[in-house]
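The structure is given below, and queries will be raised subsequently.
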Amino acid sequence: MEIEIARLGGDVEKGIESSGAYLIWEDVTVVLPKFGGGKGPTKRLLNGLSGYAEPGRIMAIMGPSGSGKSTLLDTLAGRLSANLVMTGNILLNGKKRRLDHGFVAYVTQEDILMGTLTVRETIQYSAQLRLPSNMSKDEVNEIVNNVIIEMGLEDCAHNLIGNWHLRGISGGEKKRLSIALEIITQPQLLFLDEPTSGLDSASAYFVVQVLKNIACGGRTIICSIHQPSSEVFALFDDLFLLSSGETIYFGEAKLAVEFFGDSGFACPTRRNPADHFLRCINSDFDDVTATLIGSRRINDMKESSSSLIYLPTSECRVRLIQNYKYSSHKLRTKARVRQLANIKDIVFKESGGSQASWLTQLCTLIKRSLKNMSRDFGYYWLRIIVYIILSISVGTVFYDVGTGHNAVIARGACGGFISGFMTFMSIGGFPSFIEEMKIFEKERKSGHYGVGVFILSNFISSFPFLVFMSMSSAAITYSLVKFHPGFFHFLYAAIVLLSSITVVESCMMVVACFVPNFTMGLVVGAGILGIMMASAGFFRLMPDLPKVFWRYPISYVNYMAWGLQGAYKNDLIGLEFDPVMPGEQMKKMKGEEIISSVLGFSWFGLGTSMLEVSSLKSLASESKMFAFWVELVTPGLPSVGYLSYVICELLYRAGVLPCAHPKDSGCRFPLS
Ligand SMILES: Nc1ncnc2c1ncn2[C@@H]1O[C@H](COP(=O)(O)OP(=O)(O)OP(=O)(O)O)[C@@H](O)[C@H]1O
Ligand SMILES: [Mg+2]
């Protein structure tokens, strides 16, 4: 055997370029420990696979659904899920390396794109996020133009990608755009998971032809593919055929027909070889055959695949696996893997990740996010319209509330509605958050930018919308209801609303991290806000809240409790209300007394301390009062952003998020 390998090694002692990506994998096994709710046996997803991929060639991983194509691709690209365990060796140019986190390019099966951008804008922003910051604008534009031409996207370069309410580009164009985004940085190693799924044969051919052209430029391309047409199959150089995680065939694609013929499963003339291979190893065909035999339509089948018709696929599979084990293809693979494991000094240009500075990434993300938010009607515009309509409604219901005795309750109810319901409505942005989080997950996995830049850019770009939303709502309600007069009182009310909406936005971002599902996320978000509302001090006065849990600590961490008290104090302190019986000689009720005796806010309780002391001392000085309020409110804004950042980062490190990268999650990756 060794002699045979050595002889074949002589055969393969050919063509090793001085640069490029030579990837080999040896005896790679992936298992799912304790499959079936933690009690079952270990499930083997890939079983001792070996192979190699070389520059200038395109390799197809083929097999029936569930055979392990995506698992193999993820394993090679260093993106294996944290719940799987891998053993074996993966070497790139003779060395173990981390291939995750942007080291190589990976095109996922699902096209995750921002629907509100045009094709050109998408490529442009992606280029700015990743290309070196010192590149001139012209150089970046040239790269963008070249990529658009290379992927044949000139005709749709100015079309929107499209989302649920915008008709956009076709599926094939989306796929080509996804590939375009990965080739901007000219990666030497490119992985693609089913780049042709959902495309018609012409679009699929075009996509694979483009990949072939890219490979011809000295790149190494590995893609999984379901059932290629014969034209598409002819474009592949190498083939890895899998069935239930076992190697059926690995080697040159054009020699596969010969291998199947030698094993007794010759491909009938005029049949697509890819169809024939899958027909031999896909056990679902057993059911098809049984049905056809039952319905006596077997004659049609006999003509097309006589050798297979009475042989169960499980037997075909076993025979093919055994034949491959002892075939010259396997020996040749072994020899080449050995040879490539020992190569040294081959230049590998790292292409993934980002070479742009932190500031460039931040500015690019802000611009992109602003464009997305302003074009997506459901992100902020719809909410702004609803806020304005609601403000007019509240303002007219509580119109000119005055300072009569009943006005105390009316002001309380109106403040409660604004602090409670109008901030609650901000959960309406959740669907758009989910979309944005998907893009963030994908780009973070590819190393385009970090969590900090994302949180900051999102905060900055959403800020103008939030300011507009809260200012317009506060202006309408304040002028119609006629709350405490004075510009600084109005400004304070607007800032309280802004802070509260910002906190709700951040909370929903955090929820989107934990529960990246539209319906479940909305339910969880509404539940959290419901808890906040119940303990805010409106439905049950603050002193009456049960001390354990609700008063301490919930009311202290409840943004709505702070916002509500701020709004009440801003409105009531300094006003006087009519006594219960008009005309009585009773003195008027002061706002300060209502705050402490009716609403039950103690001087040193929640939201009091410095603020109340200061406002009592200098009620006349509104500007000073404003300064104190601002002091109280503003720390909420950065702290919420920071909180979201910390939670996201912790989730990544803990591997809770689906996009946890192996470096942080501690998942077993042999190249680290
Ligand atoms: N993280 C995981 N946890 C548990 N099981 C997994 C995981 N990843 C993959 N599997 C299982 O491994 C098997 C192979 O899955 P994989 O996605 O690689 O198949 P595939 O060949 O890509 O299928 P398809 O053609 O349908 O995409 C499946 O049975 C799948 O359920
Ligand atoms: Mg798959």
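Cβ atoms here come from the backbone N, Cα and C positions, even for glycine.
For reference, TrEMBL lists these features for the protein:
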| type | residues | note |
| --- | --- | --- |
| DOMAIN | 23-269 | domain 'ABC transporter' |
| TRANSMEM | 377-402 | transmembrane segment |
| TRANSMEM | 408-430 | transmembrane segment |
| TRANSMEM | 451-478 | transmembrane segment |
| TRANSMEM | 490-515 | transmembrane segment |
| TRANSMEM | 522-542 | transmembrane segment |
| TRANSMEM | 594-614 | transmembrane segment |
| TRANSMEM | 626-647 | transmembrane segment |
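How buried are these features, and what lies next to them?
Across the residues of the domain 'ABC transporter' (23-269), the predicted structure has a mean pLDDT of 90.
When Cβ-Cβ distances below 8 Å are used as the criterion, the transmembrane segment (451-478) is approached by residues 358, 361-362, 365-366, 369-370, 373, 379-380, 383-384, 387-388, 390-392, 394-395, 414, 418, 422, 436, 440, 444, 490, 493-495, 497-498, 501-502, 505, 509, 641, 644-645, 648-649, 652 of the same chain, each at least six residues removed from its ends.
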Restricting to the same chain and to residues at least six past its boundaries, which positions have a Cβ under 8 Å from a Cβ of the transmembrane segment (408-430)?
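For the transmembrane segment (408-430), the sequence-distant neighbours (Cβ-Cβ under 8 Å, at least 6 residues beyond its ends) are 379-380, 382-383, 386-387, 390-391, 394, 398, 401, 473, 477, 481, 483, 496-497, 500-501, 503-505, 508, 511-512, 518, 521-522, 525-526, 529, 533, 536, 538-539, 560, 563-564, 567-568, 571-572, 577, 589, 594, 598-599.
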